[in-house]
Amino acid sequence: MNRPERLQPGVKLRDADKVSRIPVKIVPSERDTMLRKPDWLRVKLPASNQRILDIKQALRSNGLHSVCEEASCPNLAECFNHGTATFMILGAICTRRCPFCDVAHGRPLKPDAEEPVKLAQTIRDMKLKYVVITSVDRDDLRDGGAQHFADCIREIRKLNPAIKIEILVPDFRGRIDAALDILATEPPDVFNHNLETAPMHYRKARPGANYQWSLDLLKRFKERHPNVPTKSGLMMGLGETNEEIAQVLRDLREHKVEMLTLGQYLQPSKFHLPVERYVPPAEFDELKALADELGFTHAACGPLVRSSYHADLQAQGKEVK
């Protein structure tokens, strides 16, 4: 039996190379079998792209990454044009192979010790008042990357004392206690961890993750930091039912999660999980009504909503769709 080829540090695997060894095999989609994108998912491009180019240049010049680009977010033009970005720390190579995600898989390089300072300087230069920091999964690190998150928060606040910081963290598989101990030294203003989908779809969508583990991470952070809002996000269109999503909302509230994002899954390439249906806006409205009824302090529900989409407005409790 041939052994899998050893991954070389820093090499990005995408598309078929990325999903070749996940539990549920994906047959590449044929163009004539892919669902036609409905009109409500059409994104309007801004009249000018100068602001977009300026932000991309600021990221490149400091060796930084945005999840907006790495994950092919449909809202990139809108967010960049408004001068906001979600920064992705710890490199652009993930140790997981989630087949809904467009971030590359591989063997990551050692964390950049200068990244926290460069990130803080870039945020200062961009004059941001609210920033979202996320990361790839780093199962290769003893703390899952928690210390790097804490270092980034500390350096950002040094140069930007009035800023609000939201972190969107991985699940810290097998190292929750160590990660939470570290994050307690530099707690964020909002703590976000995405469940992504209903539990019965984890095997195909989130190989290596565990639904209950993710819920416990959110609850245990809240127990340590009762005044810091907790937040989670979900996608629709992966084969789940609305009732399954409704049960996830109930589970989130039982685990003291206060903020919610719910959006439409979009297939990044033919090698990723196919979209099984496009959820009409009216169904998102129904789920938002349920979220409000369950007691979420803020629920952003709509086809183009993403976890960090207008995160500053979400944190202020303003309507986002």
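Just so you know, glycine gets a Cβ as well, placed from its N, Cα and C.
Note that the structure is predicted; figures quoted are calculated from it, not measured.
According to Swiss-Prot, the feature [4Fe-4S] cluster 1 binding site maps to Cys68, Cys73, Cys79, Ser308, an assignment based on sequence analysis. Positions annotated as [4Fe-4S] cluster 2 binding site by Swiss-Prot, on the basis of sequence analysis: Cys94, Cys98, Cys101. The domain 'Radical SAM core' annotation in Swiss-Prot covers 80-297 and is backed by sequence analysis.
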For Cys94 ([4Fe-4S] cluster 2 binding site), which of the three DSSP-derived states applies: helix, strand, or coil? strand
Apart from the site residues Cys94, Cys98, Cys101, the 8 Å Cβ neighbourhood of the [4Fe-4S] cluster 2 centroid comprises Arg96, Arg97, Pro99, Phe100, Asp102, Val103, His105, Val136, Asp137
Confidence summary (mean pLDDT) of the domain 'Radical SAM core' (80-297): 95
Cβ atoms near Cys101 ([4Fe-4S] cluster 2 binding site) (within 10 Å, other residues, all chains): 23
Among Cys94, Cys98, Cys101, which are recorded as binding-site residues, the nearest neighbour of Ser308 ([4Fe-4S] cluster 1 binding site) by Cα: Cys101
Fewest neighbouring Cβ atoms within 10 Å among the binding-site residues Cys94, Cys98 goes to Cys98
